[in-house]
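Novice: Residues or ranges marked as signal peptide in TrEMBL: 1-17. Here TrEMBL flags 92-132, 133-171, 172-210, 211-251 as domain 'EGF-like'.
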């Protein structure tokens, strides 16, 4: 009597592990369930008078008397999964090729000797009899960004990184190699940072360096004028001045000392702030006669000198434009004191704008005071008169200091 044991194939996948039905075992290399040869693995698969014949997913126990005959014969049927060939032998049926398998549309059929297996392709697992896509992104295969796709996954990187050849990890990009910054570039993890040289500021685009206009920060960077330059600034002075050691202040250029003037040998060079003046030799108008290089005298013996100042002394001084007021700017003093005499100091001419006044400081002296701001360039000629009065001898006389004031154009 022929006894046969036939086991059906059912391949179950749970999670990421593979479990096969009885009669099959999971082969990791082929990633599919393969038949177990029970005739070799089971020591007592059949009784002593029976011969064990392995089948796909099971085995047959055939009487030895029948198995010893010429088997299989044309009249005898082939085992399950085989068909009788033209040469009279049983050959394997490829159920996958003939579509005789029971795999559902989501599975893949793999032919085996005497049968077949249904399995899922890579990237899928069996859930409820259906092959469903495995979301590999859940398992952290990618270092940064992961996109699940049917049957697989794709790794990508955040901006500032590049995917390594392993297609999983990311490597920082050194953006500074492409010189994206106008000045200095510092690479950071996943990005970069631009820095500007002194005197520049970073633009809104984060890469361009724009010049800072230091001159617009303050009106007091330079004493005269500030000139903006790329990354810095410089101070300039008007003609007649030079930049001082601090790089900002203006110092008067003494053209008389440097010889950089147009005065003749007969003239005297007088320097003042920012300019100079060539003074002609003193010429005394009659009835005055020259007493020294800066003084004219009118002799008392000359009748025409009776109502005139007996002496005119010529002096020169400079004054900065816009000087703060009040300011004492010139001192006048009697050089000789006579018994019973007293002195009166006054501005006789040249003070039409009333910028000056005389303040008597003692019986013998007075000070010229600047009372209103005066701007230049300008030349002011003042006749400062000292009147001598002596009632004892009934004497009244005067002398004059003719003061020429050169007012500079600038307040320095």
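Just so it is clear, glycine is given a Cβ too, placed from its N, Cα and C backbone atoms.
Heads up, TrEMBL stuff is auto-annotated, nobody curated it.
Computed from a predicted structure; not experimentally measured.
I'm curious about the neighbourhood of these features; can you describe it?
Specialist: For the domain 'EGF-like' (92-132), the DSSP counts in helix, strand and coil order read 0 helix, 18 strand, 23 coil.
Residues 16, 121-125, 189-192 of the same chain sit 6 or more residues outside the domain 'EGF-like' (133-171) yet have a Cβ under 8 Å from a Cβ within it.
Note on the domain 'EGF-like' (172-210): residues 158-162, 230-232 of its chain, located 6 or more positions outside it, place their CB under 8 angstroms from a CB of the stretch.
Across the domain 'EGF-like' (211-251), DSSP classifies residues as 3 helix, 16 strand, 22 coil.
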